[in-house]
Each structure stands twice: as structure tokens, then as C-alpha cells.
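Presented below is the structure to which this report refers.
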Amino acid sequence: MSGDAQARPAGQTPAPLLALRQVSKSFGAVEALVAVDLEVHAHEVVALVGDNGAGKSTLAKVVAGVLTPDAGLVELDGETVQVPTPSAAHALGIATVFQDLALCENLDVTANLFLGRERMAGGLLAEGEMETQTRATLDALNARIPSVRTPLAQLSAGQRQSVAIARTLIGSPRLVVLDEPTAALSVVQTAEVLMHIERLRDLGLGVVLISHNMNDVRAVADRIVVLRHGRNNGTFDAASASYESIIAAITGASHAGARG
Amino acid sequence: MTAVATPQQTKGPQQPSPVAGLKELVTRNMRTSGIYIAFVAIVALFAVLTGGLSLSPRNVTSLVLQYSYILILAIGMVIVIVAGHIDLSVGSVVALTGAIAAILVIQDGRPWWVGAVAALAVGLAIGAWQGFWVAYVGVPAFIVTLAGMLLFRGLTLIVLDNISLSPFGQPYTNVAGGFLNGLLGGNGFDAFTLIIAAIAVVGYAYSQLRARQGRIRYQQTVEAMPLFVVKILAVAAVVMWFAWQLAHERGLPIVLIILAVLIIAYSVVTTRTVFGRHVYAIGGNLAAAQLSGVKVKRVNFWIFVNMGFLAALAGVVFSSRSNGAQPAAGQMFELDAIAACFIGGASVSGGIGRVGGAMVGGLIMAVMSNGMSLMGVNQSWQSVVKGLVLLLAVAYDIYNKRRASAGR
């Protein structure tokens with residue numbers, strides 16, 4: 001790995017939390033991902049940027065276990081793992097918030113947080129325990145939800161995004177993947193979601209933030225990975241890289257050059 | 001004067017103001033209690049129109065016996081509808097399972113319970129068959145159950161060889177026509193019925209009180225205490241009056257006990273179990289349910305197995321009540337059950353609906369049919385009226401939903 005804008009030289013740190021090695025995925029003749037590399041460490045927000053159709057969401061779905069890669073390896077803590085289903089991803093400590101909100105509007109906040117992993121007591125739902133934990137999780141994110149029993153249909157778009165992010169924290173994950181979490185949000189709501197992302201990092205999680213909003217990315221990301229036409233096209237240190245150089249990598253005005 | 005304990009809504013930029021909260025509470029209450037108000041109004045209307053005849057002990061008893069099987073079907077149907085499906089085959093399943101029981105009991109002379117158990121087993125098998133096509137092959141439930149409607153009607157004709165079988169005789173007919181009477185005596189009335197009803201009332205009051213305390217703990221809006229007490233007393237009065245009427249006629253119908261057990265059991269299943277939660281999730285957002293790890297296929301499969309079981313139970317109750325099996329039994333039952341769910345507040349698009357609502361919806365249909373029959377209104381006009389009520393109920397639901405989403 002000898003990229004010109006590499007922020008974290010390989011070998012200096014322990015094995016990354018998540019590493020994708022030469023991952024490829026095609027849909028028929030369309031090459032969505034071609035030999036993509038990605039590393040995410042704990043306590044780190046890695047932004048995955050790129051134009052529409054660059055393969056960001058496909059990459060997120062590979063990590064989340066929704067799609068299986070055609071080639072390449074997924075490594076967690078340096079060990080190769082298989083992620084065939086969303087449940088498998090969750091069992092490995094990978095939680096994902098998908099672009100189209102994966103929430104049920106007819107259910108309340110608690111029911112959504114625990115959907116698919118309900119707590120039981122004596123054969124019935126342990127509502128009390130789930131409510132307590134929902135409240136604790138929302139507090140950990142500083143999320144502002146009036147009641148953990150409010151149906152989702154009565155919440156604003158920003159509050160729903162808070163619930164979606166809080167959902168990822170159920171079951172103590174190590175890695176959270178957020179696919180366009182600030183799309184369609186107001187300025188205030190966006191600020192709140194970015195604050196949640198920083199909280200996730202403070203909690204010691206690795207975060208993959210997929211976005212094409214440069215302001216959001218530069219506000220919270222530690223490292224910025226650019227995808228173009230399903231290929232790596234540069235990795236930047238968010239603190240030092242210039243806006244222009246990132247845009248150039250996204251649009252293809254600059255190329256990553258020879259990469260290992 | 002409906003709202004107190006408005007939650008502390010000082011946090012967050014997006015909170016509705018307390019005034020909006022009050023408005024919200026009123027509209028939501030209209031949505032959930034509207035059905036009960038409508039039910040009371042319809043009961044009162046027919047009491048006046050029939051000169052009190054519709055509320056007589058005999059008529060109240062026969063109302064229970066006559067519509068119990070529709071209510072049993074509606075319990076299964078509301079689960080099917082909440083998950084976003086539909087089941088058009090239940091009428092034919094009622095006929096087929098009744099026919100199986102008749103063959104075994106009447107033709108082969110086996111004991112009554114062999115017929116009943118065989119009918120339930122066939123119902124489970126039918127449910128598994130339809131669940132397989134819906135859940136694992138992915139054929140829309142509308143098509144699978146439309147096919148089932150034809151299929152099982154045809155099988156009924158084959159099994160019965162196109163003729164009616166009757167009579168079942170005593171033990172079997174007790175399922176729908178039997179009464180528990182005189183267990184504890186009573187002077188001209190059945191004390192047992194009253195005691196059971198009193199226990200039910202106390203249980204209801206207790207569960208409501210607990211639910212209310214739970215809502216207060218989570219700072220949710222609840223009705224004022226006097227209103228709450230009035231609500232409990234109103235329900236208690238209706239239940240005790242109902243029991244009083246039954247106690248002065250023939251006692252506690254066995255089928256009412258079956259129905260009560262089913263209603264309580266399925267209320268728990270739909271609101272307090274993982275299965276129920278997943279049914280609502282599938283109906284609310286199928287993609288989200290799938291991504292969350294809900295085993296959608298398995299849940300869909302069991303929804304139809306359950307519907308098959310309840311349809312078979314309705315088949316046993318219906319054949320018991322009619323004391324025989326007819327090739328044309330159960331026709332239009334599916335439509336009555338579906339109408340009961342929609343009148344009871346189930347959403348056409350899935351995700352919303354409750355067992356209790358479907359029961360009240362079914363009772364509204366029952367009281368209307370029964371009242372109109374007492375008045376001598378002929379079947380054709382009854383059909384017209386029921387059709388209009390269904391249309392208005394769903395239109396009201398859609399109107400409410402549109403207003404709710406516009407207000408967000």
C-alpha cells in the first residue's frame with residue numbers, strides 16, 4: 001500500500017477492524033466493484049465517497065451481508081470471514097443503516113430497535129427490558145425522541161434517522177455502516193446525525209460513512225476513501241486533504257496511480 | 001377534557017406543541033374508539049327499531065351462536081391482513097372440514113371427537129399447503145387462496161358426493177349449541193355465567209389499569225382518570241348486562257367460551273410475542289423486516305397454517321350448529337370475515353389491525369344482520385346495507401390516514 005495520500009501507513013497499527021481485499025462484484029455485464037480495498041479501524045470514521053453509481057452502496061451491501069462478493073476477501077480483525085446474510089453480519093458485530101430507511105413505520109421506537117432480535121421473558125416479549133435499553137441507547141447517542149413507545153409514523157425524518165442509528169447499537173456492534181444517513185435531512189437534523197456519528201466513534205466503534213455530501217464528510221471523517229467506477233481512486237486524510245483534490249479524485253480528474 | 005399528562009416535550013426541535021398533542025390525541029382516539037362508538041350506536045339503533053326485541057335474552061343468545069364462526073374466522077383473517085395478505089378460501093375450508101367431520105361421524109359412525117380432530121388436522125394441512133405457495137414459492141396470497149376457494153369447494157363436493165349429510169347428533173352439536181347451565185345454581189338464572197363474567201370484568205379492569213400505568217411511566221398521553229373509570233364502568237356494565245341476559249336464557253354457550261379463549265390467546269399472540277411483532281413488521285415494511293433478520297417466509301407460512309386451523313375450527317362450529325354438512329356450506333364466509341377486519345380498523349395496505357377491532361367489526365356486521373332480520377328486511381336489502389357500511393368504514397379509515405400524514 002503506497003498511495004500518495006495514505007493517512008495511516010500499513011504495518012504500523014494492529015490488524016484493522018474491517019478490511020476488504022480486492023473485492024469485486026458484478027451484476028451481469030455491469031462491474032459494480034472491481035478489486036476494491038478498504039480498511040476501517042476502531043475509533044475511526046472512514047468516509048466512502050464517489051459519484052452516483054461509483055459502487056458505494058454495493059460495497060455497503062457486501063459488508064452488510066446483503067450481497068456476496070464475486071471475488072476478494074472480507075477480513076475482521078485480520079481473519080477472513082464469510083458474510084452470507086444480514087443476520088450473519090450482525091452476529092459478527094457489523095450493523096448497517098441502509099439508504100432507504102430500514103424501519104417499520106407502524107411499529108414504535110422500541111419495537112424497531114429490537115426488530116429481528118427481540119428479547120424474551122417466559123415466552124413473551126420482554127417489553128420492560130427492551131424499553132429500558134432503548135432509552136439507554138438513545139441517551140448514549142444524545143438522540144431526542146419523546147417516548148420509546150412513539151410509533152415511527154409520528155416522528156420526523158431526523159428522529160427516524162436517530163432511531164435507525166440507535167438500532168445499530170443494539171447487540172454491541174464493533175462496526176457501523178451508514179449509507180447516506182444525511183440524505184433528505186434538514187440542516188439541523190443533519191447536524192444531529194453527524195453528532196451521532198461522532199458519538200459512535202467516541203464509543204470506540206469503527207464507522208463507514210457513505211455520502212456524497214463533502215461538507216458532512218469533512219466534518220466527521222478521519223479518512224476519506226474515493227471510489228470511481230467501482231475502483232479505488234485515492235485515499236485522503238480528512239484533516240489535511242484539500243477539497244479540490246478530493247473532488248478531482250471523485251470526478252476522475254486525478255487518478256490514484258499505481259496501487260499495491 | 002380528554003388529555004392530561006401531556007409528555008414533557010421540551011426536548012428536540014421537531015416536537016409537536018402540547019396543543020397539537022391534544023389534537024393528535026383526539027383524532028387518534030376517534031380512530032380507535034370510533035369503532036366502539038359506532039358499535040354502541042348500531043346496537044342502540046336496532047334496539048329502538050325492533051322495539052327492544054334485539055336485546056331480549058333469547059336474541060342475544062342466538063346472536064352469539066349464529067355469528068361465532070364468523071368471529072373465529074376474523075381472528076385468523078386479521079393476522080393475515082395485517083401481514084399484507086388476504087385469504088379468500090376460508091369459506092370453502094369451512095365447508096370441506098365440516099364435510100370431513102360429517103363423513104367420519106355420520107357416515108362411519110365414529111365418535112364426535114374423531115370428526116372434530118380430523119377436521120382440525122385437515123385445516124392445518126390446508127394451511128400448510130397455502131402457506132407453502134405464498135411463503136416459499138412467492139405466489140400472491142390473493143391468487144393462492146382464490147385457487148384454494150375453487151379447489152376446496154370442489155373437494156367438498158367430491159367428499160360429500162354432492163349430497164348433504166345430517167344429523168350429527170348430540171355430543172357433536174354441543175360444540176355450537178351446548179350451554180353450561182346450573183353448575184352453581186341460581187334462582188331462575190345461571191350464577192356460573194355471572195361469576196365468569198365478573199371474573200372477566202375484573203381481569204379487564206386490571207389489565208387496562210396496568211396498561212395505563214405503563215403509558216404514564218413512558219410519558220405517553222392517557223385519558224383523564226375520571227374518563228378512564230367511566231370507560232371501565234361502561235365496559236363492565238355492558239359485559240354484566242350481556243351475562244345477565246345469557247343467564248336468564250340458557251346459560252353460558254360453550255361456543256362463547258371457545259371464542260373468549262381464542263380472543264384472549266390471539267390478543268396475546270399478536271401483541272406480546274415475537275411472532276406477532278414480526279407479523280406487524282412484515283405488513284409495515286417488508287424490506288425492513290427482511291433486512292432486520294425477520295424470517296419472513298417462515299412467518300408467512302405459519303400465518304396461513306394458523307388461518308387453516310381457525311377455518312377448520314369455524315368449520316366444526318358451523319357444521320355443529322347446522323347439525324350436518326352441506327356442499328354449499330360457508331359460502332361468502334370469507335367476505336364476512338374480511339369485512340369484519342376492515343370495519344374493525346385493519347388497514348388495506350397491511351401493518352395495522354387488531355384482534356379486538358376485528359371482533360367489534362364482526363359484531364357490527366352481526367348486529368346489523370340480526371337486527372334487520374328481526375325487522376323483516378329481506379336478504380337483498382341486508383346485503384345492500386352491509387356493502388355500504390363496509391365501504392364507508394374503509395373510506396373513513398383512508399380519510400383518517402390521509403389527514404394524519406398531511407398533518408405530519
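Placed from the backbone N, Cα and C atoms, the Cβ positions cover glycine too.
Residues annotated as transmembrane segment in TrEMBL: B:35-55 (among others).
The transmembrane segment annotation in TrEMBL covers B:67-83 (among others). Within the chain, the transmembrane segment (B:67-83) has long-range Cβ neighbours (under 8 A, six or more residues past its boundaries) at 90, 94, 141, 176, 253, 255-256, 258-259, 262-263, 266, 270, 279-280, 282-283, 299-300, 303-304, 306-307, 309-311, 313-315, 317-318, 321, 333-334, 336-338, 340-342, 344, 346-347, 350-355, 357-359, 361-363, 365-366, 369-370.
The feature transmembrane segment is assigned by TrEMBL to B:88-106 (among others). Within the chain, the transmembrane segment (B:88-106) has long-range Cβ neighbours (under 8 A, six or more residues past its boundaries) at 69, 73, 76-77, 112, 114-116, 118-120, 122-123, 126, 130, 142, 145-153, 155-156, 159-160, 165-169, 172, 307-308, 311-312, 314-316, 318-319, 324-335, 337.
Non-local neighbours of the transmembrane segment (B:112-129) in the same chain are 89, 93, 96-98, 100-102, 104-105, 148, 152, 168-169, 171-172, 175, 301, 304-313, 315-316, 319; each lies 6+ residues outside the stretch with a CB under 8 Å from one of its CB atoms. Sequence annotations record features per position, and here TrEMBL assigns transmembrane segment to B:112-129 (among others).
The list of residues near the transmembrane segment (B:136-159) in space but at least 6 beyond its ends in sequence, with Cβ under 8 angstroms from a Cβ of it, reads 80, 85-89, 91-93, 95-96, 99-100, 103, 126, 129-130, 297, 301, 304, 327, 329, 334. Residues or ranges marked as transmembrane segment by TrEMBL: B:136-159 (among others).
Positions annotated as transmembrane segment by TrEMBL: B:179-206 (among others).
Here TrEMBL flags B:227-244 (among others) as transmembrane segment.
The transmembrane segment feature in TrEMBL is assigned to B:250-269 (among others). Tertiary proximity for the transmembrane segment (B:250-269) is limited to same-chain residues at least six positions away from its ends with a CB under 8 Å from its CB atoms, namely 61, 64-65, 68, 71-72, 75, 79, 174-176, 178-182, 190, 192-193, 196, 200, 275-276, 310, 313, 317, 354-356, 359.
As annotated by TrEMBL, transmembrane segment applies to B:299-318 (among others).
Counting residues 6+ beyond its ends, the transmembrane segment (B:330-348) has Cβ neighbours under 8 Å at 31-32, 35, 69-71, 73-74, 76-78, 81-82, 86-95, 98, 149, 314-315, 318, 354, 356-362, 364-365, 386, 389-390, 393-394, 397-398, 401 in the same chain. What TrEMBL lists as transmembrane segment is B:330-348 (among others).
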Using Cβ atoms and a strict cutoff of less than 8 Å, what residues sit near the transmembrane segment (B:35-55) while being 6 or more residues removed from its termini?
245, 343-345, 357, 360-361, 363-364, 367-368, 370-372, 374-375
If we skip the immediate neighbours and take only residues 6+ beyond the ends of the transmembrane segment (B:227-244), which ones have a Cβ under 8 Å from one of its Cβ atoms?
1-2, 60, 189, 193-194, 196-198, 200-201, 204-205, 208, 212
